[in-house]
Amino acid sequence: MNFFDFYTELAKYAVAFALILVRVGFFVAFLPILGSRLIPLQVKAALVLVLSLVFTPIWVGRVIMPASPWEFCLLALNEAALGVSLVFLVRLIFTGVQFGGQLLGFQMGFGVANVLDPATGLQAPVLSQFAYLIALLLFLVLDLHHYFLLALGESLKLLPPATLKTPVEVFKVLVLKGKEIFVLGIKIMAPAMAILFLIQIAMGIVARFVPQINILIVSFPLTIAVGLFFFGLTLQIFSMVLAPSWREAVGFVPQIIKAFGK
């Protein structure tokens, strides 16, 4: 092997490694648990690096060298889009759960009662964070994190780097799925929110006909107590409400892989 052949092989290896690194990196960054700040950055970087090094030798011979840096950037964007698309619906589900907890928390009077979310490093309402942790526990119990890791491996098996298409239809579907954040959040917390709404109406009627009662002092602890009670009851239906969303997210993965390979 002369120097030119060695340089060509080295360039192919570098391109394949960089593109796989982008796909795996964006996948890990958006996957629940692995993408959270609970996992040290060094651990995530090591995981991405090891996975990329493992898969790179498989596809070095099939990599088509980009003609220019701009073409390489476009290829990298496609890799990033695939990595994000594989777990985008899962991310939406968790966001919907947090949104529902936030709505219920505001209705209970917890609008300013925030805690630090270790997954994002931001302030989050108490009930929102608790609902997120319950959904995360279900995600682990159902072994869905392993499924999506296998889906990443399947995408690397079926779709070599530098061969991805740009499926505009998939992006449109993912954007339209964004509305399900609100639907899912309201669907989970609807029973507790409805009860609290009725209690607030009843408190308003009492305040109207019995003005001697300090309704503000009475309603605040009552709202919190009833809200927490029905929130606890809501936890029993978490798995039933989330099951269709999990199935949809899992079923959408093969469609995404197929769309990027057309």
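Using N, Cα and C of the backbone, Cβ positions are placed for all residues, glycine too.
Listed in TrEMBL for this protein:
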TRANSMEM  12-35  transmembrane segment
TRANSMEM  41-60  transmembrane segment
TRANSMEM  72-94  transmembrane segment
TRANSMEM  130-150  transmembrane segment
TRANSMEM  181-207  transmembrane segment
TRANSMEM  213-238  transmembrane segment
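With a cut-off of 8 Å between Cβ atoms, the residues of this chain six or more beyond the transmembrane segment (12-35) that come close are 44, 47-49, 51-53, 55-57, 59-61, 63, 65-66, 72, 75-76, 79-80, 82-84, 86-88, 90-91, 94, 119, 136, 139-140, 145, 148, 152, 155-156, 161-162.
Residues of the same chain lying 6 or more positions beyond the ends of the transmembrane segment (130-150) and with a Cβ under 8 Å from any Cβ of it are 31-34, 86-87, 90, 93-94, 97-98, 100-101, 117, 119, 124, 188, 235, 238-239, 242, 246, 250, 253.
Within the same chain, residues 9, 12-13, 16-17, 20-21, 24-25, 28-29, 34-35, 152-153, 156, 160-161 sit at least 6 positions outside the transmembrane segment (41-60) and bring their C-beta atoms closer than 8 Å to a C-beta of that stretch.
Sequence-distant neighbours of the transmembrane segment (181-207) (same chain, 6+ residues past either end, Cβ-Cβ under 8 Å): 92-93, 95-104, 107-108, 131, 213, 215, 218-219, 222-223, 226-227, 230-231, 233-234, 237-238, 241-242, 245.
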